[in-house]
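Peer 1: Below, the features straight out of Swiss-Prot:
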- Glu64: active site, proton donor (ACT_SITE)
- Asn51, Asp155: substrate binding site (BINDING)
- His62, Cys91, Cys94: Zn(2+) binding site (BINDING)
- 9-129: domain 'CMP/dCMP-type deaminase' (DOMAIN)
Amino acid sequence: MVTGGMASKWDQKGMDIAYEEAALGYKEGGVPIGGCLINNKDGSVLGRGHNMRFQKGSATLHGEISTLENCGRLEGKVYKDTTLYTTLSPCDMCTGAIIMYGIPRCVVGENVNFKSKGEKYLQTRGHEVVVVDDERCKKIMKQFIDERPQDWFEDIGE
């Protein structure tokens, strides 16, 4: 796992979009976790999204899942040259989606407020994981957890 810095020319763009999505979700009254899927070849944004569990009464619309949903239908081969950006370490469900679609690279904004087993599992399956330790991501997530601990525990299945 790479920690601390941006490694690709699209990483800052991807993390900025993911954070914008997290902030939008928070403003809507949801969990502030955002994501973005970027094509590694040309930097095009294939999809972006944020956690919509509270807004839509959904059990599964985490930030990463919402991002993939907003990509629409893509050929399987498209995912093979992408990076998924997420503001928070992916949970088991989101890790499974990353593996299922063969997304080779995942850039994580922060893993202080939630440290899942997903990062390590992705690595064992051959996926690159980069944790950039983004202060914006840490701050908005901590603020949400402090304000709404029960909603946070519900979101992570506790």
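From the backbone N, Cα and C atoms, a Cβ is placed for every residue, glycine too.
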Peer 1: Sort the residues of the domain 'CMP/dCMP-type deaminase' (9-129) into helix, strand and coil with DSSP and give the three counts.
Peer 2: 49 helix, 23 strand, 49 coil
Peer 1: Suppose we draw a 10 Å sphere around the Cβ of Cys94 (Zn(2+) binding site). How many other Cβ atoms does it contain, all chains included?
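Peer 2: I get 26 for this one.
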Peer 1: Which Cβ among the recorded positions (Glu64, Asp155) has the fewest C-beta neighbours inside 10 Å?
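Peer 2: Across Glu64, Asp155, these recorded positions, the one with fewest Cβ atoms within 10 Å is Asp155.
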Peer 1: Would you mind sorting out which of His62, Glu64, Cys94 (the recorded positions) have a C-alpha within 10 A of the one on Asp155 (substrate binding site)?
Peer 2: His62
Peer 1: Pull out the recorded positions from the set Glu64, Cys91, Cys94 whose C-alpha sits within 10 Å of the C-alpha of Asn51 (substrate binding site).
Peer 2: Glu64
Peer 1: Near His62 (Zn(2+) binding site), which residues of its chain come within a Cβ-Cβ distance under 8 Å, counting only those 6 or more away in sequence?
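Peer 2: For His62 (Zn(2+) binding site), the qualifying residues are Ile33, Asn51, Arg53, Cys91, Met93, Cys94, Asp155.
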Peer 1: Determine the Cβ neighbour count for Asn51 (substrate binding site): the number of other Cβ atoms within 10 Å of its Cβ.
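Peer 2: There are 30 such Cβ atoms around Asn51 (substrate binding site).
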Peer 1: If I take every residue in the domain 'CMP/dCMP-type deaminase' (9-129) and average their pLDDT values, what number comes out?
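Peer 2: A mean pLDDT of 96 is what the model gives the domain 'CMP/dCMP-type deaminase' (9-129).
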